[in-house]
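One structure below.
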Amino acid sequence: MWWDERVSARFRRNLQPTLTYWSVFFSFGLCIAFLGPTLLDLRCQTQSSLSQITWVFFSQQFCLLLGSCLGGVFKRTLAQSLLALFASSLAISLVFAIIPLCHNVVVLAVVMAVAGLAMGCIDTISNMQLVKIYQKDSAIFLQALHFFVGFGALLSPLIADPFLSDTNCILSNSTANASSNLPHIRKSLVPHHPGNLSHYDLPMKGMVVTRVSYAFWIMALINLPVPIAVFFLLYKERMVPCFNGSSHPLLSADELALETRPGDKDELSSAGHRPPAAAAGHDDLFSCCQSKNFRGASYTYFAVHVTGALVLFMTDGIVGEYSGFVYSYAVEEPLSVVHKVAGYLPSLFWGFITLGRLISIPVSYRMKPATMVFINVVGVLITFLLLLIFSSSVVFLFVGTASLGLFLSSTFPSMLAYTEDILQYKGCATTVLVTGAGIGEMVLQLLVGSIIHDRGSYSFLVCGMIFGCLAFTFYALLVFFHRMYPKPSAELDEASPDKAAVPEDTGQYQR
């Protein structure tokens, strides 16, 4: 096997919880990408204007950010984390099943807000739990976790495509005129966000003829095994209230790490006597901000959190703005790509993000997270530079889109693993980084949209170049603060030949 026996043994002992967290992230990906392709059919279903239906995007993204901030609240015990994941994954299946019944745009926005909250909780809790289980070995498992997001994001548009309307889905006197615009509008709706659709006048009243409901019901069924898997893990851990015959104390947060080195057990047993700044790891955003957690912390402690979050603010923001506007950029001058051909660009972007995350799984075992992040941000910067230089080349636009997908694919899990390593798993890195990434994706997409509207399509690449430069700058600052961050006083050398062998059954996740 391409990893060593120690990591392999740890994975085998944690096989069920690891697969469960991966499957929950598949639910996240399944839910994040369906809205764009189905937006016109949903607009027909709710008989709303295009400007009204686009608020559904905002409700999902805003509540996803809110859910990411609140997700850390449920991490205090393993039972709370698993119950939150069960409720969130089940909520996503229910959302898919309920969407066909939403015939009012406000009701649809509320339902998508619930989906956003569930996705935010999944994002924070799954990342936290994998970091707690694997700690120094978490990078490879985080790469696999985020691969499942890309896989789900690819699958949901494919499921929806056969059920999308080829002509206008509201029959009225103006149907003929509206139908001629529909193919162009539909290609404008990419997996994350719609472009500027306000100048298309489609009928709002008439008989609704859409089959998109079948797509949502299929996705609800496909997602249903995920909450079942989480429930099975809860049952196996005797955490289901109506089935647990005997009461067992839950493992503490620090004890969720599978393997402990000699001397770690003593530290774990005295975890309750640690200073607040050291023992408050992985709290929710509000707990992290309590003043008691800042006592005795150096300024580099805060600097690592802030710079790490800013790197993801930029890189995840690039993912949102590029997937949202690459089609609009391609169809306008000077490229003037045919609409049908330009429609493949967002799919190409997400396809290479998924491929990159798959490749990063074995690579992350051989390469340090800091090195991977460096390659990612430099690759993004160079790709945008070449896109600006060859801005009139259609071929290079496709090549650059694939390249951006590869370089952006592993940025989030690598940055998370790197930052947690710096803080020795005692800070609030997971919550802060997830929140920063969510804010970046929401804010930069809105910012770039307004700039393109005022300055033209070429500003799309200019903004990407600026964001890439800022991401590299913040990464350089993170490396600088890493060198200044105080090292633990008694840290065993991982490569030392004197390191004692880890007992096979020590510190298992399963009871």
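Every residue, even glycine, has its Cβ placed from backbone N, Cα and C.
Note: TrEMBL annotation is automatic and uncurated.
For 21-40 (among others), the entry in TrEMBL reads transmembrane segment.
The transmembrane segment feature in TrEMBL is assigned to 52-74 (among others).
Feature annotation from TrEMBL assigns transmembrane segment to 81-99 (among others).
Long-range Cβ contacts of the transmembrane segment (105-126) within its own chain (Cβ-Cβ under 8 Å, at least 6 residues beyond either end) map to 21, 24-25, 27-28, 31-32, 35, 42, 46, 48, 52-53, 55-56, 59-72, 74-75, 81, 84-85, 87-89, 91-92, 95, 98-99, 145, 430-431, 434, 438. What TrEMBL records for 105-126 (among others) is transmembrane segment.
Summarising the annotation, TrEMBL assigns transmembrane segment to 138-159 (among others). Residues 3, 7, 11, 18, 21-23, 25-34, 36-37, 126-127, 130-131, 191, 215, 218-219, 222, 347, 350-351, 353-354, 357-358, 360-365, 369, 372, 409-410, 412-414, 416-417, 420 of the same chain lie 6+ residues outside the transmembrane segment (138-159) yet bring a C-beta within less than 8 angstroms of a C-beta in it.
Long-range Cβ contacts of the transmembrane segment (214-235) within its own chain (Cβ-Cβ under 8 Å, at least 6 residues beyond either end) map to 16-17, 19-20, 23-24, 26-27, 30, 34, 38, 79, 82-83, 85-86, 89-90, 92-94, 96-97, 99-100, 155-156, 159-160, 162-164, 243. Look at TrEMBL and you will find 214-235 (among others) tagged as transmembrane segment.
If you look up TrEMBL, you'll see 299-319 (among others) marked as transmembrane segment.
For the transmembrane segment (341-359), the residues of the chain that approach it from at least six positions outside its boundaries are 33, 143-144, 146-147, 149-151, 153-154, 157, 187, 190-191, 319, 322-323, 326-327, 330-331, 397-398, 401-410, 413, judged by C-beta separation under 8 angstroms. Annotation source TrEMBL lists transmembrane segment at 341-359 (among others).
Taking Cβ pairs closer than 8 Å, the transmembrane segment (371-390) reaches residues 139, 311, 315, 318, 360, 363-364, 396-397, 400, 403-404, 406-408, 410-411, 414-415, 418, 461-462, 464-465, 468-469, 471-472, 475 in its own chain, all 6 or more past its ends. Residues or ranges marked as transmembrane segment in TrEMBL: 371-390 (among others).
TrEMBL lists 396-418 (among others) with the feature transmembrane segment.
The feature transmembrane segment is assigned by TrEMBL to 430-452 (among others).
For the transmembrane segment (458-481), the list of distant contacts is 300, 303-304, 307-308, 310-311, 314-315, 317-318, 321-322, 325-326, 328-329, 370, 373-374, 377-378, 380-381, 384-385, 387-388, 391, 418-419, 444, 447-448, 451-452: same-chain residues at least six beyond its ends, Cβ to Cβ under 8 Å. Summarising the annotation, TrEMBL assigns transmembrane segment to 458-481 (among others).
Residues annotated as region 'Disordered' in TrEMBL: 490-511.
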Folded-back contacts onto the transmembrane segment (299-319), same chain, C-beta under 8 angstroms, at least six residues removed: 277, 353, 373, 376-377, 380, 404, 408, 411-412, 415, 418-419, 422-423, 427-429, 432-433, 435-441, 443-445, 464, 467-468, 470-471, 474-475, 477-478, 481-482, 484-486
